[in-house]
């Protein structure tokens, strides 16, 4: 006796479109003999073995008894643990729970920029001895096929399951026994379609998402589900990011223009609401360090709250309640130094506060906190002292160390005796010349 999934062995009759029995109608199974309203949409052609896809993708020549499992993350393998992976079907005993999952490579679509993008594949289940690989033995290594069977099933014989006739047999939403682990990066299709349609990708995606949510909700009201379906919100978000070509785990690259926009956005906030980071430093947010702003030095001034040591300091920061109720507050009116003289002057006030944060050595991370505080409190004084120190004389290239204090003395040419201005005793010749210089000048009138 052959078994029909979704029907008890005592009753093999078809009851048409049933509701509330855990079975969904395929979206393209329109009864041509009845007057069915299409709500303004054209009737979709029925998928057959000879159907061709215009944009690539292989054809699903056989109808699966169950809704598919769609991949939404690239690089994830489709696999089940041993003894798992066979969907639950009323009327099918555990001895017949054997078969394989068949990978359907879906069609591609054109993006807004004109590029072709391939949809991720969808997997469908077929009982052993049915479907596109009906003649293959269980466990045969075939690309795009994953074999599954329950522990009670004999995989050496085909399953005694009839092929599904879409005109009379309805598709069953895929559900698994409790404890089944769904492959990571996949979700169960709730629309109940075993073949792709010719509608646009955006309409198909939105309809599949909404229909999937409804089918899972209805399934939960009928019978307890196995808990193997991942969170649909995360799935849809990851699927949308994959459609847009973005990776949720990839960090965003910060360009100069982006950094400028972030810095301007921070500076537009009130002073007490700013949070310095790599794009907007401490000095840009709050000014230079000094007696009234004496915290921060080194890397912390550059990184601000992005510094790896900052989170442990943030544990000491008071809450809003502690700030207002645990501090001494004073309201003072100050001079408005901003704006032009032609503009109306605004009244500016300062809420001045004075308080303390008390902690002891039992605080978690006490030693690290003390180390960070000692490195950053009044660090500006050390930096100013280093800037005021005279620069160390640099050694000339080619000179060796240990030459003494005369290393930096320039060597000039030796001076003459006149330049040296050294005194010496007059000689007899010098005295004779001096006497001649003292005698009066007389003109020589002798004739030659």
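Here the Cβ of each residue, glycine as well, is placed from N, Cα and C on the backbone.
Since the structure is predicted, the reported quantities are computational estimates derived from the model, not experimental observations.
Here's what Swiss-Prot has on this protein:
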- 1-55: region 'Disordered' (REGION)
- 1-20: compositional bias 'Polar residues' (COMPBIAS)
- 29-38: compositional bias 'Polar residues' (COMPBIAS)
- 45-55: compositional bias 'Polar residues' (COMPBIAS)
- 52-194: region 'RNA-binding' (REGION)
- 106, 122, 164: RNA binding site (BINDING)
- 157-231: region 'Disordered' (REGION)
- 167: phosphoserine (MOD_RES)
- 174: phosphothreonine (MOD_RES)
- 191: phosphoserine (MOD_RES)
- 259-384: domain 'CoV N CTD' (DOMAIN)
- 266-276: compositional bias 'Basic residues' (COMPBIAS)
- 266-297: region 'Disordered' (REGION)
- 266-384: region 'Dimerization' (REGION)
- 385-448: region 'Disordered' (REGION)
- 390: phosphoserine (MOD_RES)
- 399-409: compositional bias 'Polar residues' (COMPBIAS)
- 422-439: compositional bias 'Basic and acidic residues' (COMPBIAS)
- 423: phosphoserine (MOD_RES)
- 427: phosphothreonine (MOD_RES)
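Here the region 'Dimerization' (266-384) is broken down by DSSP into helix, strand and coil counts: 46 helix, 16 strand, 57 coil. Taking the Cα of residue 122 (RNA binding site) as the reference point, the closest of the modified residues 167, 174, 427 is 174.
Spatially, by CA atoms, the recorded positions 106, 167, 174 include one closest to residue 427 (phosphothreonine), and that is 106. Comparing residue 164 (RNA binding site) with residue 174 (phosphothreonine), their Cα atoms are 15 Å apart once rounded.
A distance of 24 Å separates the Cα atom of residue 106 (RNA binding site) from that of residue 167 (phosphoserine). Figure note: comparing Cβ neighbours within 10 Å for the modified residues 174, 427, the maximum is reached by 174. For the recorded positions listed here (106, 164, 167), the lowest count of other CB atoms within 10 A around the CB belongs to 167. Residues 106, 122, 164, recorded as contacting RNA, have a largest CA-CA distance of 21 Å. In terms of DSSP secondary structure, the region 'RNA-binding' (52-194) contains 6 helix, 34 strand, 103 coil.
Separating the Cα atoms of residue 174 (phosphothreonine) and residue 167 (phosphoserine) is a whole-number distance of 20 Å.
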